[in-house]
Amino acid sequence: MKRTLMAFLLLGGLALAQADGAKIYAQCAGCHQQNGQGIPGAFPPLAGHVAEILAKEGGREYLILVLLYGLQGQIEVKGMKYNGVMSSFAQLKDEEIAAVLNHIATAWGDAKKVKGFKPFTAEEVKKLRAKKLTPQQVLAERKKLGLK
């Protein structure tokens, strides 16, 4: 009984965080679209690409860094090149960044494509907030992952 209650509470908390993440994602949807498909040539898709990032060693950290510090420079996603700027969302609380990352990792099925996916936590975000990177340095982190 206690285990069932504990599982219910934990899953309920994750569902609440995802609901908050969906609300926060509304700030992202103007560029990346509500369905995560992006706008070809202008704003890269998140759906499908988040799983590719999460599968890489260091991918979780990279996603957090993108939200904290932004991203600037040319990238390639699904064979299409994008050369723009993603603004920082450092004004969000650590819990909010974790929530929106959990949303983009689960909303379009990407988490199911990554073996052993674990939800992002505010503690992970807090730890990386101390790094103080530029958007260009975040781009360099992307390249270290082997992503274009």
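Each Cβ is built from the backbone N, Cα and C atoms, and glycine gets one as well.
According to DSSP, HIS32 (heme c binding site) is assigned to a helical segment. The feature heme c binding site is assigned by Swiss-Prot to CYS28, CYS31, HIS32, MET86.
Annotated pyrrolidone carboxylic acid per Swiss-Prot: GLN18, in sequence order.
The signal peptide annotation in Swiss-Prot covers 1-17 and rests on experimental evidence.
Taking the mean position of the Cβ atoms of CYS28, CYS31, HIS32, MET86 as the heme c site, the remaining same-chain residues with a Cβ inside 8 Å of that point are ALA29, GLY30, GLY38, PHE43, LEU46. Cβ neighbours of CYS31 (heme c binding site) (same chain, under 8 Å, six or more residues apart in sequence): GLY38, ILE39, ALA42, PHE43, MET86. In this record, heme c is bound by CYS28, CYS31, HIS32, MET86; the longest C-alpha to C-alpha distance in that set is 11 Å.
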